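*Asks:* Right, I'll just put the structure down here and ask away after.
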Amino acid sequence: MLRNGLGKTFRFLGYTVQYGCIAHCAFEYLGGIVVCSGPSMEPTIQNSDIVFSENLSRHFYCIRKGDIVIVKSPNDPKSNICKRVIGLEGDKVCTSNPSDFLKNHSYVPKGHVWLEGDNLRNSTDSRCYGPVPYGLIRGRICFKIWPLNDFGFLRASPNGHRFLDD
């Protein structure tokens with residue numbers, strides 16, 4: 001009886017470890033559900049919106065200008081941030097705030113991206129902490145899940161004029 005109980009316990013633990021590994025790989029490499037907080041991506045993503053983030057793009061270096069990404073915060077590695085990619089390595093970007101009279105430009109260094117929130121007046125982004133290493137990108141947001149009346153693919157950037165093609 002004891003042997004039968006131990007056998008069932010070890011089988012249960014084995015299945016738990018196997019399914020845990022499968023779940024870990026799915027969330028690490030395929031994607032997952034993310035709850036966004038804060039006003040920096042308004043009006044595209046509101047506070048408490050739920051989105052789906054896929055992780056394959058970061059592994060295959062398929063992140064493009066205009067994509068919205070989940071990134072480990074350069075200021076606090078324990079938290080994630082949600083921002084739009086404005087520039088990739090080698091791109092010329094406007095590094096000044098929209099209200100600045102004189103505009104400053106810089107080039108994104110190799111292995112980095114330039115990130116900005118859609119709500120430029122209320123976003124802590126690359127204009128504050130500079131270019132972000134590509135390795136901090138956790139995933140690319142594909143579409144919004146909640147609220148249901150907003151379900152679907154995300155809108156284009158309201159700040160499209162900030163993308164430079166020089």
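Note: Cβ is positioned from N, Cα and C throughout, glycine not excepted.
Caution: TrEMBL annotation is automatic and unverified by curators.
Sharing the record's features from TrEMBL:
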type	residues	note
ACT_SITE	S40	active site
ACT_SITE	K83	active site
DOMAIN	16-97	domain 'Peptidase S26'
DOMAIN	103-146	domain 'Peptidase S26'
*Asks:* Just to verify: the residue among S40, K83 with the fewest other Cβ atoms within 10 Å, which of the active-site residues is it?
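*Replies:* Candidates: the active-site residues S40, K83. Fewest Cβ atoms within 10 Å: S40.
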*Asks:* Quick check on the domain 'Peptidase S26' (103-146): DSSP residue counts for helix, strand, coil, in that order please.
*Replies:* 10 helix, 20 strand, 14 coil
*Asks:* Can you tell me how the residues of the domain 'Peptidase S26' (16-97) break down into helix, strand and coil by DSSP?
*Replies:* 19 helix, 26 strand, 37 coil
